[in-house]
């Protein structure tokens, strides 16, 4: 699935470029625009119109005194809905989930107390290359440059603390404290978010939003986001070098990485897979970006915790092409992948590196992969090897009547629920590993936050994704520890009349942390989660909650959720043993623990790990 930005109503593109009319050569022209009434010719209404134009129809917000007038303007805009969240962190997570489905998201909070609360979610979106427009209602424009001390600050007259905090986790920041160039500042920020596929920060003085100004009296010129172009000579050279490298290999393989999404190259990768005949794997953070029904798909490549037989084929290959990888300590299982740089072609969104060299810059992945298709010889050797060694996975032992439910049985039933009308949201924790083993039907969405790994992300992300993808039923798998961080916004899902199915896996603690390093801090206070959700429901909205302790109850609960209660938010609490974890988590946890606990070295660090990390940095 490509990462799409909503088409502009004012200028529907046929050439794939946001905001560009067909055959425009990516240059927008100023046409006679419709005059706007003075009541609508305000900064806030301009911002609202721009959000709608780029595909944002929902803004996730928490009110505060500095953004209230701005929220009035957002509410007044046709096509834009304000979704009030319980706290700023969840608003940011919701914008994250929304952007994963829609291609861009937006959130609005108040100055400093709101901004610093949402900062963690924005940092996560930055790490995952998601364009989010983070809007903050700022101080009165007259207060800048004075010695006044304002509330919601740290008690000094310098108001720049929030801005400085956002600088490392956004690709562009603007402080709008005058109207003369406000339209230009806002347009530049939004277009930068779309071009860079990263969050941006927009602070708007609280006294400016509703003030009419001549610059807002006409419909704004449509956005024109010019595509990044490849160096044609470099592209040709990169394709020739890559084709020569791969065509002389005996058993090459392909691996999809998470940056396929930001490169908008998912279809191009699929085209290459169709043509070359190589076996195709995905990195864990790229699950959902490659059709798992593809005839040469072999599963998730995740080192020692890969899909069965996948790692053996990838790591024994004499050449591998990684498209958009991110190698970190989590995805590399504590830097333990058995990869060699001299065997690798690494294709990043704008760069290609072949083995130990050469490297080609200014090369778009979206251009490189289709060009490579024309040069590669079809080679099915590695896939045939996989087919020879493959043995179907064992079926979990059947539960005895009323036997306590096991996690592997739970996910066997979740697998049966999936269709093209579903989307899976996997929370940080053991759900990472169990959900990786799900076989996704064509069209089934899949999201999790691997690079940042913030527990609690999935509650807000479920809210945002469901709000954006109303044609899919979201199935969220959340651990009890994560749920306790962000549980409140189940109420917002109910207010928005959403119908996700939330599987709350209650095993009494932070299981993923237990497998890395155990201690009493990993045990949490148990809640009556179904009673909590019933209390949040409080008779307002469509909600159904139940507690499951055996397979018979699970079957009945799933049947109810998918039939009688299919239009309700369904919350199914799953009671499992505290030590019931996937075998992959046990292996992964021990390897990550080993990487975390490396002893200090006063010189160059652990030589083996340093060398491995250099390889991953290079690729």
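Numbers run from 1 along the shown chain.
Placement of Cβ uses the backbone N, Cα and C atoms for every residue, glycine included.
Quick look at what TrEMBL annotates:
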DOMAIN    42-151  domain 'Thiamine pyrophosphate enzyme N-terminal TPP-binding'
DOMAIN    239-355  domain 'Thiamine pyrophosphate enzyme central'
DOMAIN    450-573  domain 'Thiamine pyrophosphate enzyme TPP-binding'
BINDING   480, 507, 509  Mg(2+) binding site
Residues that sit under 8 angstroms from residue 509 (Mg(2+) binding site) by C-beta distance, when 6+ apart in the chain: 480, 481, 522, 523, 524, 578
DSSP residue counts for the domain 'Thiamine pyrophosphate enzyme TPP-binding' (450-573), split into helix, strand and coil: 58 helix, 27 strand, 39 coil
Check: same-chain CB within 8 A of Mg(2+) site center, minus 480, 507, 509: 479, 481, 505, 506, 508, 510, 511, 524, 578
Residues that sit under 8 angstroms from residue 507 (Mg(2+) binding site) by C-beta distance, when 6+ apart in the chain: 479, 480, 576, 577, 578, 580
For residue 480 (Mg(2+) binding site), the number of other Cβ atoms found within 10 Å of its own Cβ: 25
